[in-house]
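Student: Below is the structure I would like to discuss, written out as structure tokens.
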Amino acid sequence: MRVDELRVDERIKSTLKERGIESFYPPQAEALKSGILEGKNALISIPTASGKTLIAEIAMVHRILTQGGKAVYIVPLKALAEEKFQEFQDWEKIGLRVAMATGDYDSKDEWLGKYDIIIATAEKFDSLLRHGSSWIKDVKILVADEIHLIGSRDRGATLEVILAHMLGKAQIIGLSATIGNPEELAEWLNAELIVSDWRPVKLRRGVFYQGFVTWEDGSIDRFSSWEELVYDAIRKKKGALIFVNMRRKAERVALELSKKVKSLLTKPEIRALNELADSLEENPTNEKLAKAIRGGVAFHHAGLGRDERVLVEENFRKGIIKAVVATPTLSAGINTPAFRVIIRDIWRYSDFGMERIPIIEVHQMLGRAGRPKYDEVGEGIIVSTSDDPREVMNHYIFGKPEKLFSQLSNESNLRSQVLALIATFGYSTVEEILKFISNTFYAYQRKDTYSLEEKIRNILYFLLENEFIEISLEDKIRPLSLGIRTAKLYIDPYTAKMFKDKMEEVVKDPNPIGIFHLISLTPDITPFNYSKREFERLEEEYYEFKDRLYFDDPYISGYDPYLERKFFRAFKTALVLLAWINEVPEGEIVEKYSVEPGDIYRIVETAEWLVYSLKEIAKVLGAYEIVDYLETLRVRVKYGIREELIPLMQLPLVGRRRARALYNSGFRSIEDISQARPEELLKIEGIGVKTVEAIFKFLGKNVKISEKPRKSTLDYFLKS
């Protein structure tokens, strides 16, 4: 099917042609003929890189241009939202406005009403539904990317509830990797089902075992080791993507591979890699990353900072980095294809010990093999060490992906959603709640809601007992102020209960370590883990701070290993946050507490939200005397600063280090800086021309500074 055959606005056709698209892949053509341009719901289950997103783009833009209204594109990750935001910019050329919404769950974000296409994470859109944002009534089409994540234990319920709310109110398009029960999901959504295994680049799959790769067609190739699979790809001027099961392993394997890979590179390639390595900020994780990059290999995992993850992804796509060793986070929708994908580990650690990686995840990883426009064939290879290679082949290569199951019955998910139905959607009886539940994927799969009804009644009792709701003699449910605020804050009611229970102690002795320990014990945060080696030091620090904590010694009721671990994981997290707000350099925090930069940012983002939520719950409970203290602490958490730097944080391009440099140089307020001359600020370490120009523009003064080298620097001395 050619673009010219498409019965859509000419502006859509011209935009596609500007991208170099003249015709559609077979599954794209099938989807576009299925009725989605006429408003039918659709579930599109096709392989990675087969053009799922483009189908959704055309449907969204066509709907907006023909019927008005808005389109919402739901993604699972902030990084994916950023990627799609960049991709969708093309549509601004024809007059559509594109926006991205992630984070800040306590806002209606009415500004989004000015936009036509809104990209949001599932959690963000769920929070907007709870806040009753006025523009949501104008949403005519909703796309759920990675819809198979409805089966995710952590986040599936959120996506399911969004879809249940929007069914019948907007056209729904689900984009999915291959799943085991697409018919079931499509029937629930009342959607046309498009399933295909067609790929733009042929995928050749095999299993490596004891020096041989056995391909799915029965042919065999010899390789001396699994590492040789990487070196062979690089000799062919191709890239390799290796998946392992742990972060530390990703780092170790990347460093080991880089030693050999470097010998396969040209001098210009090594020069480009050295420049890349030199651009990284200094911290212990980045030191390892820089060392690996100098040898042409990088590692990628959630512990890396955002800038480092983007740097690795972009330079791997460009071919500067030759191989990437990653944990499966990289397979979650981010666009990083490679000629050869190697799955080094098919087992991973879980809460229940070692378990096999699901088939659906392995298929997603293997699906990254083959770069459209560059490769005629992509190769996906599973490394089998102790497992029977024939069984691995049958299970993963020829096996059918697992069925998806609703996660709505998970108690934490259900608790939050039941309160939201009462507090923000006006449901006032058990029957009304059950009627909503009857429209969910859970009810569709189970065919009855009896087992869920008992859980819902238990949740209602919990909400009643803890003053989130009240129930009249006529069994009418009414939300109380605590329930309404909790639902809109987008926190677990159990978190709000913990805040309520400890509020008196917080008011009596407000202190950072106590508050950080409290929020780190809530179900809304995943605290840092610790090793046996760290435990002794954590115990020592605990005795230093125990009088400032709001929770008793975990051993007070006898030894319980689960409670001990929970308590000290929260305590370690509190120590990291305390170091962060006391301006301890990131590298020192990484080294002292054995954490990664990406994890620090994740914890900081969540902690800021929970301190804000604690402040809001304090208002509801009338504890106004600590509101200002908590707001100050929230700002300190956000920026990682001591209190005296807060006034300087409103300056553009000024983070924690530049603010400290300004303060230590005598510029302690906005007024001090407004009276300074540009050359005075330029003398301060870390303050460059762009920063000074931005600061003065913020102050309403236009200053242009010619970029001259600073004569005091060693760099200038060496060049002169």
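Residue numbers in this text run from 1 along the chain shown.
Glycine is treated like the rest: Cβ placed from N, Cα and C.
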Student: Under Swiss-Prot, which of the candidate ranges 145-148, 265-268, 317-320, 533-536 is annotated motif 'DEAH box'?
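Tutor: Comparing 145-148, 265-268, 317-320, 533-536 with Swiss-Prot, motif 'DEAH box' matches 145-148.
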Student: Roughly how wide, in whole Å, is the group SER23, GLN28, ILE46, PRO47, THR48, ALA49, SER50, GLY51, LYS52, THR53 that binds ATP, by largest Cα to Cα distance?
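Tutor: This binding site's residues have a maximal Cα-Cα distance of 18 Å.
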Student: Highest Cβ count within 10 Å among the binding-site residues SER23, SER50: which residue is it?
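Tutor: Result of the Cβ crowding comparison: SER50.
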Student: Cβ-Cβ under 8 Å from ILE46 (ATP binding site), same chain, 6 or more residues apart: which ones?
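Tutor: In sequence order, PRO27, LYS52, THR178, ILE194, VAL195, SER196, ASP197, TRP198 meet the Cβ cut-off.
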Student: Where does LYS52 (ATP binding site) sit in the DSSP three-state scheme?
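Tutor: Note: LYS52 (ATP binding site) is helical by DSSP.
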Student: In the motif 'DEAH box' (145-148), how many residues does DSSP assign to helix, to strand and to coil?
Tutor: 2 helix, 0 strand, 2 coil
Student: Going by DSSP, give the three-state secondary structure for ILE46 (ATP binding site).
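Tutor: It is coil.
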